[in-house]
Amino acid sequence: MEQPRGKTGWTEVTEPGPGRPGFGASDRRPRAAALRLLSTMTQAEIKLCSLLLQEHFGEIVEKIGVHLIRTGSQPLRVIAHDTGTSLDQVKKALCVLIQHNLVIYQVHKRGVVEYEAQCSRVLRMLRYPRYIYTAKTLYSDTGELIVEELLLNGKMTMSAVVKKVADRLTETMEDGKTMDYAEVSNTFVRLADTHFVQRCPFVPATENSDPGPPPPAPTLVINEKDMYLVPKLSLIGKGKRRRSSDEDATGEPKAKRPKHTADNKEPIPDDGIYWQANLDRFHQHFRDQGIVSAVANRMDQTSSEIVRTMLRMSEITTPSNAPFTQPLSSNEIFRSLPVGYNISKQVLDQYLTLLADDPLEFVGKSGDSGGGMYVINLHKALGSLATATLESVVQERFGSRCARIFRLVLQKKHLEQKQVEDFAMIPAKEAKDMLYKMLSENFISLQEIPKTPDHAPSRTFYLYTVNILSAARMLLHRCYKSIANLIERRQFETKENKRLLEKSQRVEAIIASMQATGAEEAQLQEIEEMITAPERQQLETLKRNVNKLDASEIQVDETIFLLESYIESTMKRQ
């Protein structure tokens with residue numbers, strides 16, 4: 001997705017003044033391997049961040065961003081010196097990065113402003129297409145374009161978003177039809193009400209009115225109660241179509257247009273109130289969708305609809321990082337079920353009891369008032385989804401027999417090699433090969449329990465176990481490497497066919513301009529023939545390959561989201 005490379009708003013903000021678990025203590029090699037894994041994981045993330053920044057913002061912003069990711073927080077002049085970039089270019093790059101929430105700054109006691117890159121936020125750029133598609137699914141084309149504009153520009157005022165989206169929607173409509181500002185405003189309000197968009201922190205009025213010397217950098221604040229409060233705007237108007245460069249929207253030539261001065265420029269009604277996409281809320285929606293889908297696969301559609309209703313009822317009241325949803329009574333759930341589900345209260349209670357008794361424990365009972373109080377155990381749900389992902393990867397990578405051993409070790413927690421052979425009913429030689437293969441790939445780990453302090457092998461139990469957290473981290477690292485490889489391959493494919501793509505674009509532009517002037521079919525056919533049959537076939541192959549790579553990126557990112565959510569949830573509980 002193409003991102004803006006230029007300098008956008010809020011420039012004043014950037015202007016400163018002058019031991020891996022599961023291994024025994026005696027085994028050094030697995031520990032060294034774990035340390036290497038952690039260090040290379042960082043390298044994989046840095047490489048992916050570099051590719052994303054370069055693709056979205058260009059070389060200078062990528063250079064500054066990666067430097068900050070590698071070194072941590074640094075002041076402006078040190079960044080300029082270390083990167084060999086001019087102060088002005090560094091300021092512009094930081095402006096872009098702060099505008100898109102990829103860099104934060106902090107004022108230290110001596111008045112020095114230090115900038116720090118947000119590596120995790122850079123990696124969220126992978127998910128931009130998914131955020132936009134979700135907005136389209138929930139709020140149609142208008143919601144899609146609102147979220148797209150906010151992601152493309154980082155931060156925007158509501159009035160600017162409404163006008164831009166109305167213009168873009170009008171462009172796609174038939175002649176004579178336009179999109180009303182009020183309709184776009186209504187969709188924006190709905191997005192704010194459901195917390196998909198939120199206000200940005202702002203400079204308080206007291207700081208601007210302070211008679212003393214200005215601070216090295218402004219302090220931004222936000223009141224949590226106002227984060228989703230939409231300003232009352234009376235935006236009256238309709239979207240405008242783009243005209244030719246010689247005429248304005250009213251059809252008047254440029255020469256006849258009156259010149260506007262700065263004095264008669266209308267004040268922006270919501271000046272200073274900037275909005276951004278709330279990515280945590282999108283992640284909450286993705287997590288909820290994953291839980292609903294898992295329940296539907298395990299049980300049936302009605303069970304998944306009950307879980308969906310519970311999640312929908314608590315989506316605003318439950319924080320995105322909470323381990324449980326808010327308790328809901330059976331009566332509340334019954335009243336909130338969709339109109340199409342004509343199930344009785346008795347049947348609902350049976351379903352809730354069935355969900356609460358399920359071994360996966362997605363739904364738990366927290367009390368008996370109101371017909372029974374129920375919660376969704378979000379942490380356990382994420383753990384089950386991450387475990388299912390690991391099982392799937394083991395099956396695809398090593399085959400069904402390895403997957404059987406992996407599930408067995410997961411279920412029994414700790415097993416000796418002989419026990420694995422007996423329980424899995426696999427010959428000793430094959431079981432040993434499979435266990436060592438998964439051990440070498442870090443899917444399972446070996447725990448030593450010595451009988452004596454000297455750790456003599458003859459007097460030590462060796463137990464195989466699955467450390468889900470450590471395996472999830474290892475798989476996450478591999479996913480980062482996979483996405484980086486996919487992006488590099490896509491860039492290589494495009495670069496190899498650069499001339500052909502440029503030629504195709506020129507031909508399409510000529511055809512479009514000729515169609516606008518009412519050219520005959522024969523003339524259009526003649527222009528189309530400028531691209532030969534072999535070239536057309538090459539373009540089709542390129543398009544097919546790029547589409548496959550794009551689809552693979554999105555699929556790998558779905559795995560990344562599940563693993564990241566599980567790791568984050570687990571770390572908060574420890």
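Placement of Cβ uses the backbone N, Cα and C atoms for every residue, glycine included.
According to TrEMBL, the region 'Disordered' annotation covers 1-27 (among others).
According to TrEMBL, the domain 'RNA polymerase III subunit RPC82-related helix-turn-helix' annotation covers 47-106. Per-residue confidence over the domain 'RNA polymerase III subunit RPC82-related helix-turn-helix' (47-106) averages 89 (mean pLDDT, predicted model).
Feature annotation from TrEMBL assigns domain 'RNA polymerase III Rpc82 C -terminal' to 186-384.
Sequence annotations record features per position, and here TrEMBL assigns region 'Disordered' to 202-221 (among others).
Under the heading region 'Disordered', TrEMBL lists 237-270 (among others).
Annotation comment: TrEMBL describes 251-268 as compositional bias 'Basic and acidic residues'.
Annotated domain 'DNA-directed RNA polymerase III subunit RPC3 winged-helix' per TrEMBL: 390-466, in sequence order. Here the domain 'DNA-directed RNA polymerase III subunit RPC3 winged-helix' (390-466) is broken down by DSSP into helix, strand and coil counts: 46 helix, 13 strand, 18 coil.
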Counts of helix, strand and coil residues, the domain 'RNA polymerase III subunit RPC82-related helix-turn-helix' (47-106), according to DSSP: 45 helix, 6 strand, 9 coil
